[in-house]
Amino acid sequence: WAPPSDRKATLRGRKRSYRTCHAGPARPSSSLNPLAKLVASLSSCLPSAQLPSTAAAVAYPRLAGPFPISEASCAVTAAMAFDKIKVANPIVEMDGDEMTRVFWKSIKDKLIFPFVELDIKYYDLGILHRDATDDKVTVEAAEATLKYNVAIKCATITPDETRVKEFNLKQMWRSPNGTIRNIINGTVFREPIICKNVPRLVPGWTKPICIGRHAFGDQYRATDAVLKGPGKLKLVFEGKEEQIDLEVFNFTGAGGVALSMYNTDESIRAFAEASMTMAYEKKWPLYLSTKNTILKKYDGRFKDIFQEVYEADWKSKYEAAGIWYEHRLIDDMVAYALKSEGAYVWACKNYDGDVQSDFLAQGFGSLGLMTSVLVCPDGKTIEAEAAHGTVTRHFRVHQKGGETSTNSIASIFAWTRGLAHRAKLDDNARLLDFAQKLEAACIGTVESGKMTKDLALLVHGSSKVTRGDYLNTEEFIDAVAAELQSRLSAN
C-alpha cells in the first residue's frame, strides 16, 4: 500500500473498474443494450446464477469470464439505471490511512460515484504524503474547507515514536484532526447510529445523545515540561493593559512536571453559539459540563460565557421550544448521563469531550456506530468524518492477504452527513433524499441481519459467533449497495 500522488483536480469523469458485478433488481433503462437488459433481467431472477462469459463481456466489457451474481446489486447496472444527482458546488475530500483508506475507496466506487456527480477537491492526508509535504497538505485541506464549506474526511494516523520509525518520517507530525480543528475553530458533535437489533451496554439509552466537544485549546494546545531539581514555577502574562506574575509552585526536591494551557473568549463564545444552535435545531435540552468548583476562573469562564450567550440570544427561543440550557459539574453530568434515556446535547470542554464521546460510543454499542461532524460557529462550514481510527489491526491482516470484517458504517455516514449539508446549502432536494436513503440503507442492512463481525459479536455474543453470522468488509458494502438500490428504485 502506498498513497496515490497528489491530485487536487476534480474526480468528475474519472475511469473506474469493477472487478465483481453484484447483480440485483435494477430498473429498466432505454440506454441499456439488449444484451445488457438480458443480464439485468437474469440478475433479478437468478441470484446465484453463472452468466456465460460472452454475455458478460458484451454487457460489461471490462469484465471477462463467467462470474457469479451475488445478492448485492451491480454498481455498474445501478449507474446505468440511475439518473445521477448533479451537485452544483464542490466538496473537499480528505483521504486517509490504513484499513479505512482501503474501504474508503470502495464506499466511493459502490455507494457514491454511481449515483452522484461531484466536483471533488481532493487532498491526500495519508501519513506518507503529509510527510512529503511537511504537513502543508493538512493546512491546505483545512483552508479549502473554509472556502467550500463542506469537507468529508477519512480516518488518519497521528504518529507516535513507533510510527515515526515505521514510516521513516521526518518528524512526529501533529494530529491532522487537531490542525484542522484549530484552523476551522469549530465544535465536534458526535452522535450514535442506533440499530434496533444491536444491544446497548447501557440499555436505558433508548434515544441518541449528541455530545459537543470544544475543539480548541486546553490540553491540546498546552505547553508542558519536565523540571529538574528545585526551583520556582511561575505563570507570567505580559499584556498591554495588565501584567500578571503568579507563583504556581516552589519545587524543593528532585523536580517534577509543569503544564500551561489556555483558551480564548472568542473560541469559548463560538463553542457556546454552536452548541446552542445544535440543541435548538434538534429541539433537545443543552447541558454544559465543567469543573468550575476547582478551576474557578478557567472553567468559570466557560460557565459565564455560556450563560451570557444563552441570556442574550437563546433563552426566549428555548422557552418557546420547550427546551432549556443548564450548567452541571462534570461528575454530576456523567452520573446523569448513565441514568438518562438520551435526547439531549452535552457540551464538553476539549478533553472531557475526547473521553466522554468514546464512553458514549461504547455505551451505545460501538465506535463503528458513531458520527462525527466538526461545525463552525456560523453553522455554514462543516467537516464530517468517522469517530474511530484507521483500524490498524485489520490493516495488518489485509496486508497479508487475509480476510477482514471491518465496520464501514461510520465512514459511510461521514459521506452522508457531508452530502446532506451540501444539499442544504445548495437547496438540493434530490441530494438530501439520497443521503437520507443511504443512511437508512446502512441501518436497514444491519437490522436485516447482515453486519460486520464487531456487530455480530454484540448481537450473538462472543462465544456463539460463527463465520456465517457476519460479512467481510467488501460483502457488507455490497449489501448496503443492494439495500440502497432497492430504496432508490422504490421512488
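From the backbone N, Cα and C atoms, a Cβ is placed for every residue, glycine too.
Per TrEMBL, D-threo-isocitrate is bound by THR158, SER175, PRO176, ASN177, GLY178, THR179, ILE180, ARG181, ARG190; the candidate from ARG200, ARG213 named for the same site is ARG213.
Checking the ranges 1-29, 291-319 against TrEMBL, the region 'Disordered' annotation falls on 1-29.
For HIS394 (NADP(+) binding site), the nearest neighbour among the recorded positions PRO176, ILE180, ARG190, TYR220, judged by Cα separation, is PRO176. Long-range Cβ contacts of PRO176 (D-threo-isocitrate binding site) within its own chain (separation 6+, distance under 8 Å): MET94, LEU125, ARG130, ASP135, THR138, THR156, THR158. A distance of 10 Å separates the Cα atom of ASP354 (Mn(2+) binding site) from that of ARG190 (D-threo-isocitrate binding site). Of all the binding-site residues given, namely ILE180, ARG190, ASP331, LYS339, THR390, none has its Cα within 10 Å of the Cα of TYR220 (site 'Critical for catalysis'). Ranked by Cα separation from ILE180 (D-threo-isocitrate binding site), the recorded positions LYS291, ASP331, LYS339, THR392 are led by THR392. Look at LYS291 (site 'Critical for catalysis'): DSSP puts it in coil. Checked against THR392 (NADP(+) binding site) by C-alpha proximity, the recorded positions GLY178, ARG190, LYS291, ASP331 yield GLY178 as the nearest.
Per-residue pLDDT, averaged across the domain 'Isopropylmalate dehydrogenase-like' (90-480), gives 95.
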